[in-house]
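Peer 1: Dumping what TrEMBL says about this protein:
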TRANSMEM  25-43  transmembrane segment
TRANSMEM  88-108  transmembrane segment
TRANSMEM  129-153  transmembrane segment
TRANSMEM  165-187  transmembrane segment
TRANSMEM  199-221  transmembrane segment
TRANSMEM  241-261  transmembrane segment
TRANSMEM  300-318  transmembrane segment
TRANSMEM  346-367  transmembrane segment
TRANSMEM  391-415  transmembrane segment
TRANSMEM  435-455  transmembrane segment
TRANSMEM  462-482  transmembrane segment
TRANSMEM  505-526  transmembrane segment
Amino acid sequence: MIGQRTFAGIGGLIRLILRRDRVRIPIWILALVGFTTSFLPSLPDLYPDAASRQARAAIMEGPAGLAMTGPGYGLDDYTLGAMVGQEFFGYSAIIIAIMSILLTIRHTRAEEETGRAELIRAAVIGRHAPLAAAVTVVVSLNVVIALLLGLLMPAVLPELSAASSMLYGFAGAAVGIVFAGVGAVAAQLTFSARGAVGIGMAALGFAYGARAVGDASVQAFSWLSPIGWAQQTRFYVDDRWWPLLLATGVAVLLFVGALGLSRRRDVGAGIFAPRVGAADASPFLSGPIGLAWRLQRGTFIAWSIGLAVFGAMYGSIIPEIETFVEGNEFIAQSYAMMGGDPVESFLGIVVMLLATVSGGYALQSALRMRGEETGMRTESILSGSVPRWRYVLGHLLVAAIGGPVVALVGIGAMATVGAAATGDAGLVGEVLAGAAAYVPALWLLTGLVVALFGLLPKLVHLVWIVLAYGIVIGMLGAFLNIPDWTMNLSPFSHVPQWPNESFDAVPLVAMTVTATGLVAIGLFGFRRRDLA
């Protein structure tokens, strides 16, 4: 029975969370609200009349455009509001979902993993109070962001109605609240925060993939995704609030389920117990490389499977693109004028997306060094005969090799499914050759992690900003006509965009050399600083 006593102390825990995240929460708010509102003022200049907006709508109504963004409501009368809802919301929803997953797990499973939860429970704290406090803060944060978006979007762009903007904000909040529930359930299932985050991100990847396939092909799939539910509100077109009831109901079920699961386990344990290891360690574990691989093997497999499924979903809609272009003379002429093939252009966009997203694994893998250090495990390794440079290189090699492999797995899955669907056997080789150009950019991200780890370890997690910036610029830069100098701040912008650009080895060599230099700087700094 869940009684009032099980929530004892929730007020104090909420204050503790707000105190600990007094910097993190404002950053999330500024990032999410700023991401949306900063681009709005440029839209009237980029698309000043109905003709320019309808030309954009004609491109977006194809399977590629629908898969990348959303269901396409309002394309027949593509107002600025319909454009914002179609082309901005999906990316905002992903960021909101990631925020909700990370914050929920940070204040639930991560607290148990570090042992802080046990100390807190020594006071008068109800069994369910920590989970309830974390959920309360995350839900409240989503509501605050929704209100800010609802108020600021029409203020920045008067063409947007206040009512539709408020619906836009709360549709995003609904997505965030559902994934807060996903994070709460994931925190009960595993014994590690890393595993819980993996479950949450896998659920988000499925939601995005189901939405993409549903909007581009089988519409019923969109109803399997919380992102799809939010887009069914049709903000700036029909303004339907009722789909948010579905998201609210699912979120409530997830929160109740998480509370029920928490009663069935001990503090620090998960519903799924870790499997018992071998009695004797493999000789491979005697070195830094083997240890780093063993620590990150599960993450590598999870990322590979996730991107493979993601890529296969995109590959399955390639025949739809060919059919759409053949039946739309305007689109066919548009691609002919641009000198591009629609299928190749779509593949180029997806290759860029999968390559940049795989940077998430490269960063997560390289950042494991910092987690091991703050967890006080690095000291015991370095107290033996392992020199510092070998320890760092062990993690570096796993990240530097694993990142490109994860990218190629996802891109290869897309190309393989696309080749099978279209009968074009040569597609796989062409796509993988184009994807290989992204390897130096992934190495540059990894090198940046090593440099910060060696010199400024407390700031090392800021590298996520570089990756997020690269993804946003890659997907929205051309649409918003962002200046070249802004685009060039992302390492991925220097990669020749297959198949629309000719191969140029100079930027790839430059990024490889820069990455090598960053690694050298990081090794130099780590050998001369104290451990955390």
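Placement of Cβ uses the backbone N, Cα and C atoms for every residue, glycine included.
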Peer 1: Rank 25-43, 165-187, 241-261, 346-367, 435-455 by Cβ pairs under 8 Å to the transmembrane segment (462-482) and hand me the top one.
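Peer 2: By Cβ pairs under 8 Å, 346-367 leads among 25-43, 165-187, 241-261, 346-367, 435-455.
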Peer 1: Establish whether the number of Cβ pairs under 8 Å between the transmembrane segment (435-455) and the transmembrane segment (346-367) reaches at least three, counting only pairs separated by 6 or more residues.
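Peer 2: These two segments touch.
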Peer 1: Are there residues at least six beyond either end of the transmembrane segment (88-108) with Cβ under 8 Å to its Cβ atoms? List them, or say none.
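Peer 2: Apart from its flanks, the transmembrane segment (88-108) reaches 17, 21, 24, 28, 31-32, 35-36, 39, 68-70, 130-131, 133-135, 137-138, 141-142, 145, 168, 171-173, 175-180, 182-184, 186-187, 193, 196-197, 200-201, 204, 207-208, 211, 226-227, 230-231, 235, 468, 472, 475-476.
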Peer 1: Could you tell me what the rest of the chain brings near the transmembrane segment (391-415), counting residues at least six beyond its ends with Cβ under 8 Å?
Peer 2: 287-293, 296, 300, 303-304, 306-312, 314-315, 347, 350-351, 354-355, 357-359, 361-363, 365-366, 368-369, 378, 381-382, 427-428, 430-432, 435-436, 438-439, 442-443, 445-446, 449-450, 453-454, 519, 522-523, 526
Peer 1: Sort out the residues at least 6 away from either end of the transmembrane segment (241-261), same chain, that have Cβ-Cβ distances under 8 Å to it, and list them.
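Peer 2: Answer is 2, 128, 131-132, 135, 167, 170-171, 174-175, 177-178, 180-182, 184-185, 187-189, 226, 229-230, 232-233, 271.
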Peer 1: Apart from its near flanks, which chain residues at least 6 from the ends of the transmembrane segment (346-367) lie with a Cβ under 8 angstroms of it?
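Peer 2: Apart from its flanks, the transmembrane segment (346-367) reaches 64, 68, 296, 299-300, 303, 307, 310-311, 314, 318, 321, 395-396, 398-400, 402-404, 406-407, 410-411, 414-415, 418, 427, 431, 434-435, 438, 441-442, 445-446, 449-450, 453, 460-461, 463-464, 467, 470-471, 474-475, 492, 495, 497-500.
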Peer 1: Under an 8 Å Cβ to Cβ limit, what residues of the same chain, 6 or more beyond the ends of the transmembrane segment (199-221), are close to it?
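Peer 2: Residues packing against the transmembrane segment (199-221) from afar: 63-64, 66-72, 90, 94, 97-98, 101, 105, 179, 182-183, 186, 189-190, 227-228, 231, 302, 306, 309-310, 313-314, 316-317, 320.
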